[in-house]
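Here's what TrEMBL has on this protein:
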| type | residues | note |
| --- | --- | --- |
| DOMAIN | 68-311 | domain 'Cytochrome c assembly protein' |
| TRANSMEM | 12-32 | transmembrane segment |
| TRANSMEM | 44-62 | transmembrane segment |
| TRANSMEM | 74-91 | transmembrane segment |
| TRANSMEM | 138-165 | transmembrane segment |
| TRANSMEM | 221-244 | transmembrane segment |
| TRANSMEM | 259-274 | transmembrane segment |
| TRANSMEM | 286-310 | transmembrane segment |
Amino acid sequence: MIFSTLEHILTHISFSIVSIVITIYLITLLVDELVGLYDSSEKGMIATFFCITGLLVTRWIYSRHFPLSDLYESLIFLSWSFYIIHMVPYFKKHKNHLIAITAPSAVFTQGFATSGLLPEMHQSAILVPALQSQWLMMHVSMMVVGYAALLCGSLFSVALLVITFRKAIRIFDKSNHLLNELFSFSESQYMNKRSDVLRKTSFLSARNYYRSQLIQQLDHWSYRVISLGFIFLTIGILSGAVWANEAWGSYWNWDPKETWAFITWTIFAIYLHTRTNKNLQGANSAIVASMGFLIIWICYFGVNLLGIGLHSYGSFTVTSN
């Protein structure tokens, strides 16, 4: 009873803090001078991380197994993984723009897990025989951390595509507008208007430069985070194959979960391959990563909701070999 109450308290505290953090970060995006608010948002993320960590440890103690046996625990662990990814640049003393991705992702996953829509998920149950293995911690934790990293990297690629296509559309529209201005005035007005157009062009060049810098940063972070996630995903798939051989007598069964995990791995292997070609970097590779974002959610969440295959333990329950 005490552990259950503590878990309930930690859940609501962490969700409340991270919601406030997102609000603070949105304010700092509008007003860059508010450095104190930015520092507060970082401290809020750290506090939330410790709350989620306490929640997982508490559930581990009273359930007597690693908290990755059902969808509720898996979503909380996924949220915790987002905080881990967020903390890396913070401890390296870099200004952390990952919060724009990690904080909303953590709110989404934690909010769904703690919502009242599926109260039966919150109840800890005895592990089924297939899950009573030391491979539970190794396989499922690697998969979930890999999913978190791949989701963050994919969202960076989505942001890159949005900025790139908006940039292309605006440049096209504004260049046409400037040309129209140049040719729609009489000769007596031409010289005066030309100086105004040149000033506008200079302003656009400065904006385009900073936008290009942002695109390069998004591409850089997307590649680094996806590379990390790909490593965890590979380890998770390999450890799952070994576990499957112990539990079911076969390394691979083409179960729906296994099939979509392989599709996910293939998509991001293609992304990493396109990154080796300079002509395909940027928007081209970002398109592949954006496709991967949808594939991950199908693999992680969609297959479990269908309740089919060896990795299914009933309604809204995550399964593992």
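Placed from the backbone N, Cα and C atoms, the Cβ positions cover glycine too.
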Quiz prompt | Best-contacting stretch, by C-beta pairs under 8 Å, relative to the transmembrane segment (286-310) and drawn from 138-165, 221-244, 259-274 | solution = 138-165
Quiz item: In the same chain, who gets a Cβ under 8 Å from the transmembrane segment (138-165) while lying at least 6 residues past its ends?
Solution: 66, 68, 74, 77-78, 81-82, 84-85, 98, 101-102, 105, 211, 214-215, 218-219, 221-226, 228-237, 239-240, 243, 261, 264, 268, 282-283, 285-287, 289-290, 292-293, 296, 299-300, 318, 320-321
Quiz item: What else in the chain is close to the transmembrane segment (259-274), if you only count residues 6 or more beyond its ends and a Cβ gap under 8 Å?
Solution: 143, 150, 226-227, 229-230, 233-234, 236-237, 240, 280-281, 284-285, 288-289, 291-292, 295-296, 298-299, 302-303
Quiz item: Where does the mean pLDDT land for the domain 'Cytochrome c assembly protein' (68-311)?
Solution: 76
